[in-house]
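Peer 1: Below is the structure I would like to discuss, written out as structure tokens.
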Amino acid sequence: MRSDIIQKGYDKAPHRSLLRACGFKDEDFGKPIIGVANSYIDIVPGHVHLREFVEPIKEEIRKAGAIPVEFNTIGVDDGIAMGHYGMHYSLPSRELIADAIETVVEAHQLDGLICIPNCDKIVPGMLMGALRVNVPTVFISGGPMAAGKIGDKKVDLISVFEGVGKLNKGEITEKDLLVIEQNACPSCGSCSGLFTANSMNCLTEVLGLGLPGNGTTLAIDPRREMLARQAARQVVELVKIDLKPRDIVTKASFDNAFRVDIAMGGSSNTVLHLLAIAREAGIEYKMEDIDKISRETPTLCKISPSSDYHMDDLDRAGGISAIMKELLRNGLFDGKQRTVTTKTIEEIVKDVEIMDENVIRRIDNAYSKDGGLAILFGNLAPKGSVVKTAGVAKEMLQFKGKAICFDSEEEAIEGIRGGKVKPGHVVVIRYEGPKGGPGMREMLSPTSTIMGMGLGSSVALITDGRFSGGTRGACIGHISPEAAAGGPIGIVQDGDEILIDIPNRKLELLISQEEFDARLKAFKPKEKLIKSSWLKRYRKFVKDASEGAILSAD
């Protein structure tokens with residue numbers, strides 16, 4: 001075992017002495033040591049319950065003959081960090097979490113790992129760390145939040161964000177907004193729609209690193225504890241047979257993950273995260289690969305923010321296993337991929353059926369023949385851009401409008417709320433990319449304000465930043481290269497015509513080639529003054545969004 005290096009031999013007496021101080025007994029030495037990577041934190045609703053949630057996991061690890069050692073990573077609540085300076089730290093936290101996993105597992109030579117994430121950057125950060133250290137690992141997330149209710153109507157966090165826009169327009173009162181605020185988030189868990197956190201938790205199942213049900217079983221459902229206990233037993237079994245993440249996760253696993261993500265209309269952030277996770281697995285994956293899958297994969301689900309269905313509905317309809325089964329049945333999925341259960345996905349979904357075809361549609365009744373996420377290229381995005389098509393109204397799939405440019409999220413919010421943005425505009429928000437932000441902030445406040453003010457069917461938004469999984473509308477993000485790196489989004493001027501053509505995967509600045517070349521040659525990117533030493537380091541080493549916004553010293 002890996003941990004023999006800290007347990008066995010007379011020369012390890014100092015190590016054992018320290019372990020005894022942590023509660024190890026004579027009979028514990030020689031047993032596998034399982035790292036329990038928790039992410040409990042008091043200010044993130046998806047994580048507030050994880051202090052108690054971890055206890056049965058540790059109990060089951062002990063029963064299975066191993067020793068659990070719990071440690072914690074940090075966590076950021078993107079909703080609380082949204083719309084202000086704090087969002088600069090959200091995406092960078094992913095790298096800190098991956099590094100924390102590596103640091104603890106390698107420093108103590110742990111034999112196995114059970115990861116307990118839940119929210120936006122914690123899931124991909126832990127996935128990156130787990131694939132990097134490559135010890136037997138199982139993921140068991142904290143589970144989705146229940147949807148809120150006002151009368152018979154379901155509400156969620158996006159209802160609150162959009163309510164701010166409605167109040168700004170005069171459609172609702174402050175009292176109405178307070179009622180939404182008080183009812184939108186009724187329990188612990190990751191926010192109740194198919195936003196980034198739940199999208200990523202669902203994809204742990206597809207990648208084979210999470211047990212069936214991990215992505216959709218609610219945090220408050222008693223089955224969540226049963227799943228946690230099963231995960232704890234399973235990680236000990238994986239250590240015994242030495243089945244590691246890189247034995248499970250292959251190029252085909254990522255093909256599967258993108259297919260499911262695209263079929264269910266997951267968050268656009270999954271593109272960024274899966275590219276980064278693939279790199280940690282030693283797998284080359286490109287935006288062009290995602291584009292190909294998107295063109296072949298139909299949209300089978302529309303979950304909030306794209307509809308009134310929520311994660312409890314998706315779970316009731318059969319969950320991720322039912323989506324995988326429908327794709328497999330139609331030759332769009334590789335069922336031979338292994339999982340932490342030691343079974344293949346094909347074996348897992350063999351007896352699964354769709355229980356509600358309104359929530360998960362059959363392929364012959366799909367919402368569209370191509371997927372809920374699309375990659376757009378063009379002179380504005382030579383390396384690609386991302387749009388969640390499942391959240392775009394039909395009349396906005398092809399849109400030509402005049403640019404109105406903002407060089408920060410704050411400027412854009414002020415302009416939208418101040419009435420500068422009119423029907424027919426394409427809002428351009430730049431210098432919000434990985435380097436330019438730095439930190440590639442989410443533009444949920446601008447997009448939800450546009451929707452709340454009733455402009456969602458007449459205004460588009462493009463950015464080198466990214467979006468919350470709760471964003472809907474004609475919103476194109478991850479534009480690469482970004483403005484701070486000299487990308488063409490930096491040369492757009494107010495009044496320029498921009499073409500968004502989602503069916504044909506195009507994003508174009510409609511000026512002459514001569515004018516385009518002249519502007520690009522003369523363009524000198526701005527650089528924001530950043531005081532934080534961490535964000536300065538991040539800006540120096542972060543790569544393009546088309547590469548997953550990873551950190552690299554190469």
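Glycine is treated like the rest: Cβ placed from N, Cα and C.
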Peer 1: Per Swiss-Prot, what member of D77, D78, D156, D407 joins D120, K121, E442 in binding Mg(2+) at one site?
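Peer 2: For the Mg(2+) site that includes D120, K121, E442, Swiss-Prot also lists D78.
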Peer 1: Count the Cβ atoms, other than its own, that fall within 10 Å of the Cβ of D120 (Mg(2+) binding site), considering every protein chain shown.
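Peer 2: That number is 34.
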Peer 1: For S468 (active site, proton acceptor) and K121 (Mg(2+) binding site), determine the Cα separation and express it in whole Å.
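Peer 2: Computed Cα spacing between S468 (active site, proton acceptor) and K121 (Mg(2+) binding site) is 12 Å.
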Peer 1: So if I draw a 10 Å sphere around the Cβ of E442 (Mg(2+) binding site), how many other Cβ atoms end up inside it?
Peer 2: 31
Peer 1: Which three-state DSSP class does D78 (Mg(2+) binding site) fall into?
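Peer 2: DSSP call for D78 (Mg(2+) binding site): helix.
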Peer 1: Where D120 (Mg(2+) binding site) and C191 ([2Fe-2S] cluster binding site) are concerned, what is their Cα separation in Å, rounded?
Peer 2: 10
